[in-house]
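Visitor: Have a look at this one.
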Amino acid sequence: MEVTCLLLLALIPFHCRGQGVYAPAQAQIAHAGQACVVKEDNISERVYTIREGDTLMLQCLVTGHPRPQVRWTKTAGSASDKFQETSVFNETLRIERIARTQGGRYYCKAENGVGVPAIKSIRVDVQYLDEPVLTVHQTVSDVRGNFYQEKTVFLRCTVNSNPPARFIWKRGSDTLSHSQDNGVDIYEPLYTQGETKVLKLKNLRPQDYASYTCQVSVRNVCGIPDKAITFRLTNTTAPPALKLSVNETLVVNPGENVTVQCLLTGGDPLPQLQWSHGPGPLPLGALAQGGTLSIPSVQARDSGYYNCTATNNVGNPAKKTVNLLVRSMKNATFQITPDVIKESENIQLGQDLKLSCHVDAVPQEKVTYQWFKNGKPARMSKRLLVTRNDPELPAVTSSLELIDLHFSDYGTYLCMASFPGAPVPDLSVEVNISSETVPPTISVPKGRAVVTVREGSPAELQCEVRGKPRPPVLWSRVDKEAALLPSGLLLEETPDGKLRLERVSRDMSGTYRCQTARYNGFNVRPREAQVQLNVQFPPEVEPSSQDVRQALGRPVLLRCSLLRGSPQRIASAVWRFKGQLLPPPPVVPAAAEAPDHAELRLDAVTRDSSGSYECSVSNDVGSATCLFQVSAKAYSPEFYFDTPNPTRSHKLSKNYSYVLQWTQREPDAVDPVLNYRLSVRQLNQHNAMVKAIPVRRVEKGQLLEYILTDLRVPHSYEIRLTPYTTFGAGDMASRIIHYTEPINSPNLSDNTCHFEDEKICGYTQDLTDNFDWTRQNALTQNPKRSPNTGPPTDISGTPEGYYMFIETSRPRELGDRARLVSPLYNASAKFYCVSFFYHMYGKHIGSLNLLVRSRNKGALDTHAWSLSGNKGNVWQQAHVPISPSGPFQIIFEGVRGSGYLGDIAIDDVTLKKGECPRKQMDPNKVVVMPGSGAFRQSSPQLWGPVAVFLLALQR
């Protein structure tokens, strides 16, 4: 239950800021820590290294107003099934058990309709190490005219990995290298897939017969352990050899049980045997045990090639293939070919005539044909010839040629195909030759040239064939090149000339061709006809739904437009208001000729005319509806999420206040906003505190601000904000605000950062730079670090003291930048002084810059101080005055110079109110660094004569 309470919530007076705050989207990609780091890669925002099988988490952090929407995509693939088409706020991209194929560049696109979208990318590098594969190859060569033979062995180790693997070869437990053993050579072959290393044993010696181990490593990247494979080389090591128990071509009858044995004749180690079938898997019921393959009750569909493969990783695999042919016959067809020489298409007495017969058989060449005339075997003569394998016809076809056709040759001819001695049924086909045997014609029945049906209904396309005999009809599409028929075929045969389509769709519309086949009829030029199929479907309209806002008293025009449909016209349009039928609007003469839209005009928007309007458009096939929601209510407010440090705490009362900011979406679209209704409810509580906030005229892009007080630490609250106009309540917007510990203004004590703690005083690495600052001391320095650059210790001179520095060695390049960003400070004074020590030693030193980031209106970086070049092996101090206009951050930016001798360091950063000291010490006389020692300077006033005395002692 919501309770209205105007006094329980203390509300600070309302403020308006007149400048527009609409800003284009900006984006940054953040990841949940570095999953794993390849040391020399120096991971930055653009590279995320992860182990295969781990969980990938990327977050797109956005700024901009209105709040941008985010979408993740990936180059050459999908970011994720969940994220391919999803646009959500601040969405975290999460991929469970990432695979190597999911590596690549990922993009987050943020857009809010202001300016151009912001696009950021990050490369995801998936690390993996597969099990290595070891194969052995042997060669024997004659030396010096067959006096003796040399035997050379190649052990080839291959592995797939990322990053590239390192190989270590061992004989027993001893590591091998060609520099220590002249009989060993280790090299990487050319043109190999994956990472490969070859161990060559030259002129094999007795000690070379041993166990060899190939160990592969990615140097523990991502915690991936090393992997290894071992092979025992003996004087009997040999590649596999096979033989078959049957011929390579095996012809059987259907229903027989088939057993094939694959016998090993050689190989050490003992080879492994495997059976496979092509195409497709082994038949159902087939049993492969070792080298024996059994197929019970074999059928015609079981024909194919069966492969027996033996492998033992020595030499090449041995392979034997059996071509299994199961006797079968199907598809008996005939052809009538008139006299070819005279180019005739009809049967005429005195001319030649050829009858052809063909069946599809396995094996095709074993089929025999026999011809009969009127039930009796056809007798060969000078005018009656039987030929086989006619070059003009399919292979293994029988032809009966009648020379100089006589009347007595008329009759019924039968062609019978058979497998002699096999239990396969014969196939036969007959053809009648008479004066009535004529070539075909094809046509479309009257009224069937154009077939019109509704989408989802069945359709029948028909072509009539006349002639004797009547050949089958072949259907194809005409208007779409290489388009498939609804059955999925390019060409479909119908015996009766009718193409039947079930549940037609609009993409089936078009022209279809019917033509006579050249088999089971005359072998002449095909006859053709065409049928047009028109598929009608209901209209599609826009807008399907539209929110129409207008000020009271202003006119509104509602339009429902026809996008597509068949027929492409509006037969009728009906308007309804709140479900009640409206009288038809007047018809515009121009629109009546080709109606492609329907309109309704409201002379004035009133409270009574506000509501839901429907326009139902019909094209006599179906209807579609445009929905309009007409009102004069205000759009929802747009909360401003980029408020700098919105939380302000009050330690005495254990309360906090929150700066709530927003803009009004399209304030000029309706009547002016008079006030806002603010509702504040603590999460997990039922009561809400409500307040009305009066406003003056609100402009587009104007930032409105209200300070909520007396919020209890550390609770979160739901905020609801509703605009009110003369029409009444507008659209409500809601958000959750959370308590965050605010950053207090710098004070005069305990505000120097020595970087001794891992939290580095709240400083953070900028996500938009090229690389990061590193925290280290003399004890954690890399012993192999570049000499003649960087400090030996921090400013204190103790090995335990930490400092921040940039490492400019590989893979850093000229101009690369690293940024270290301070916490956000509230500006409580006009002037501040930033003091810090810097160390810039090395011949390739680039630049050190100090920037101030103002967060008053978004983020604006300004240069406050800069220094470039080699300044010697000394710590020096700088004092930089700044005068921020609002909440601010300071940024230390290190820029890489021309080479790797360019490490830059900082230490003891101090931020104080007030102006900087007017007189600064000569930096060359501040701190001298003999060897690894150093002096620490607390403030310039402490030095003077003491420093001069110490310098004299050092000399």
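Cβ from N, Cα, C; glycine included.
As the structure is a computational prediction, the values presented were derived from the model and not from experiment.
Copying in the features that TrEMBL gives for the protein in this structure:
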- 779-788: compositional bias 'Polar residues' (COMPBIAS)
- 24-123: domain 'Ig-like' (DOMAIN)
- 132-230: domain 'Ig-like' (DOMAIN)
- 240-323: domain 'Ig-like' (DOMAIN)
- 338-432: domain 'Ig-like' (DOMAIN)
- 440-532: domain 'Ig-like' (DOMAIN)
- 539-631: domain 'Ig-like' (DOMAIN)
- 643-743: domain 'Fibronectin type-III' (DOMAIN)
- 751-918: domain 'MAM' (DOMAIN)
- 779-798: region 'Disordered' (REGION)
- 1-18: signal peptide (SIGNAL)
Visitor: Cβ pairs under 8 Å with the domain 'Ig-like' (440-532): which stretch of 240-323, 338-432, 539-631, 643-743, 751-918 has the most?
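Guide: Answer is 338-432, with the largest number of Cβ pairs below 8 Å.
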Visitor: As a quick check of your reading of DSSP, tell me how many residues in the domain 'Ig-like' (240-323) are helical, how many are strand and how many are coil.
Guide: 3 helix, 49 strand, 32 coil
Visitor: With the domain 'Ig-like' (539-631) as the reference, find which of 240-323, 338-432, 643-743, 751-918 contributes the most Cβ pairs under 8 Å.
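Guide: The stretch I would name here is 643-743.
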Visitor: As a test of reading the model: what is the averaged pLDDT for the domain 'Fibronectin type-III' (643-743)?
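Guide: Looking only at the domain 'Fibronectin type-III' (643-743), pLDDT averages out to 89.
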